[in-house]
Amino acid sequence: MKAEHDGDLLEEDSPQENGVHTNQYSSISPPASPVAEDNPFSTYFEEKVHIPETDSQAFSFRKLWAFTGPGFLMSIAYLDPGNIESDLQSGAKAGFKLLWVLLVSTIIGLLLQRLAARLGVVTGMHLAEICNRQYPTVPRIILWLMVELAIIGSDMQEVIGCAIALNLLSVGRIPLWAGVLITITDTFVFLFLDKYGLRKLEAFFGFLITVMALSFGYEYVLVKPDQGELLKGMFVPYCAGCGPVQLEQAVGVVGAVIMPHNIYLHSALVKSREVDRKNKKEIKEANKYFFIESSIALFISFLINVFVVAVFAQAFYNKSNMEVVSVQYKDTAKASDDLFPLNNDTLEVDIYKGGVVLGCFFGPAALYIWAIGILAAGQSSTMTGTYSGQFVMEGFLNLRWSRFARVLLTRSIAITPTLLVAIFQDVQHLTGMNDFLNVLQSMQLPFALIPILTFTSLTSIMNDFNAVFYESYFIIVLLYVFAALLSIAYLCFVGYLVSYTTATVCSLLNQPAVFIEEQSEYDS
């Protein structure tokens with residue numbers, strides 16, 4: 001039984017062993033840094049999960065249980081506060097009409113996560129390590145910076161979500177800026193959990209996912225969405241009566257669901273299982289069980305996302321501000337008066353307002369349970385984001401920092417702008433940052449999509465395990481081109497509106513007398 005680190009052993013193998021044609025990517029792992037060996041925080045791969053031997057050739061629940069873990073840690077990124085913000089915005093602005101976008105995005109995400117897992121299993125290295133070996137120095141540094149930017153953006157969303165959840169749970173007693181500061185300390189506390197063992201850490205993540213499922217599931221049962229409209233929105237790819245607002249939200253859904261750093265994370269997490277990469281049978285078996293586990297994990301995350309979309313689509317789509325203000329509940333009446341104007345404009349919600357509105361219409365319990373779900377989402381994604389940052393830095397730069405130093409750096413970068421907004425602005429500006437950050441994730445997606453598609457299609461890297469990827473390669477590229485065309489169409493439409501407005505204003509300025517005369521006749 002092999003228990004050494006992947007980076008502790010360099011092996012030169014023969015061209016073919018046990019039916020697998022080996023090469024430098026499947027036989028040589030990156031050298032370990034002396035700093036990493038003495039690092040008390042880098043413990044994720046110190047323990048590898050043993051895969052039991054079974055008599056069953058087709059399927060074994062014992063083996064599936066042994067492989068269960070990395071997929072659920074990966075699925076956390078599909079449930080972070082940025083996703084929850086995107087879900088509720090989708091339901092409030094478009095009703096059930098964009099559920100099919102969520103479904104397609106999740107399926108594409110599953111295909112990409114499958115590629116990431118297979119890359120890690122077959123090569124024994126994660127995506128950042130292979131990028132380090134394939135790209136020249138300058139492109140590699142730029143790629144690393146882009147991925148780091150995505151991680152920091154995701155980290156900011158997690159900080160925002162936790163701060164808002166603490167504010168709601170304390171009924172405003174914990175101000176937003178204090179909630180931001182609290183997220184610094186709790187992150188370091190949770191990082192010590194992996195000292196108790198890999199399986200216990202994975203179990204803790206499973207507990208947080210369960211909390212989210214129960215919290216948002218409770219809201220779903222409470223609101224009782226129209227199941228017919230839900231199924232129609234999920235399986236009919238059409239958005240009747242949708243305009244630029246809904247189109248922008250659809251792009252945001254894609255950016256929130258498919259997160260670039262999560263592909264790097266998953267390719268590293270699968271290294272935590274004992275798989276003999278010289279044995280073709282074991283590699284095939286690992287790929288099969290990791291795919292099954294990822295499918296189950298993403299199905300659960302999809303259901304949780306659907307819960308949030310459906311709640312806000314059923315209860316708050318086309319609702320007005322006055323309808324919220326008129327509903328007086330003791331715990332949220334004051335907050336409603338402060339947050340919602342006394343007019344009949346369409347209600348606009350975010351993570352914070354969403355909790356307040358749920359409290360107004362369905363009672364205080366709905367508000368507190370919502371906040372608990374947001375807190376679980378923020379805390380779990382904080383920890384997976386930390387692992388992503390560590391793997392990316394080690395892979396691209398061959399630089400091994402302690403997890404403490406790594407968290408201190410990224411968390412400081414994420415907290416500084418968030419803290420300034422929390423101190424000098426209000427909650428609307430804080431939650432408004434989530435929309436920008438979701439768009440940022442969409443812009444960073446090619447920096448994970450292109451490398452993973454490229455490397456998993458190269459025979460020199462994947463050996464006999466790349467043939468099945470060509471079809472997925474072209475399908476995903478076509479879908480991405482389609483999304484790009486939609487984005488271009490959106491930008492062109494916005495440009496047209498701006499140019500039309502500018503031309504109209506200039507025309508009116510050139511004919512002031514005629515305008516005044518016509519306006520006077522109109523008034524009379």
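For all residues, glycine too, the Cβ spot is worked out from N, Cα and C.
Computed from a predicted structure; not experimentally measured.
Residues or ranges marked as compositional bias 'Polar residues' by TrEMBL: 16-30.
The region 'Disordered' annotation in TrEMBL covers 1-35.
Residues or ranges marked as transmembrane segment by TrEMBL: 99-121 (among others). Residues 70-71, 74, 78, 87, 90, 127, 130, 230, 233-238, 250, 253-254, 257-258, 262-264, 266-271, 275, 277, 283, 286-287, 290-291, 294-295, 298, 301-302, 305-306, 309-310, 448-449, 452-453, 455-456, 461-462, 465, 469, 472, 475-476, 479 of the same chain lie 6 or more positions beyond the ends of the transmembrane segment (99-121) yet place their CB under 8 Å from a CB of it.
Per TrEMBL, transmembrane segment is recorded for 174-193 (among others).
Here TrEMBL flags 205-223 (among others) as transmembrane segment.
The transmembrane segment annotation in TrEMBL covers 250-269 (among others).
Sequence-distant contacts of the transmembrane segment (290-317) (same chain, at least 6 residues past either end, Cβ-Cβ under 8 Å): 64, 67-72, 74-75, 78-79, 83-84, 87-88, 90-96, 98-99, 102-103, 106, 109-110, 113-114, 117-118, 121, 209, 212-213, 216-217, 219-220, 223-226, 229-230, 233-234, 257, 266, 270, 347, 349, 354, 357-358, 361-362. Annotated transmembrane segment per TrEMBL: 290-317 (among others), in sequence order.
Summarising the annotation, TrEMBL assigns transmembrane segment to 356-377 (among others).
Annotated transmembrane segment per TrEMBL: 404-424 (among others), in sequence order.
According to TrEMBL, the feature transmembrane segment maps to 444-461 (among others).
Residues or ranges marked as transmembrane segment by TrEMBL: 473-498 (among others).
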Positions whose Cβ lies under 8 angstroms from the transmembrane segment (250-269), at least six residues beyond its ends: 69-71, 73-74, 77-78, 80, 82-83, 85-87, 89-90, 98, 101-102, 105-106, 108-109, 112-113, 115-117, 119-120, 126-128, 146-147, 150-151, 154, 239, 294, 305, 384-385, 387-389, 391-392, 395, 435, 438-445, 447-449, 452, 483, 486-487, 490
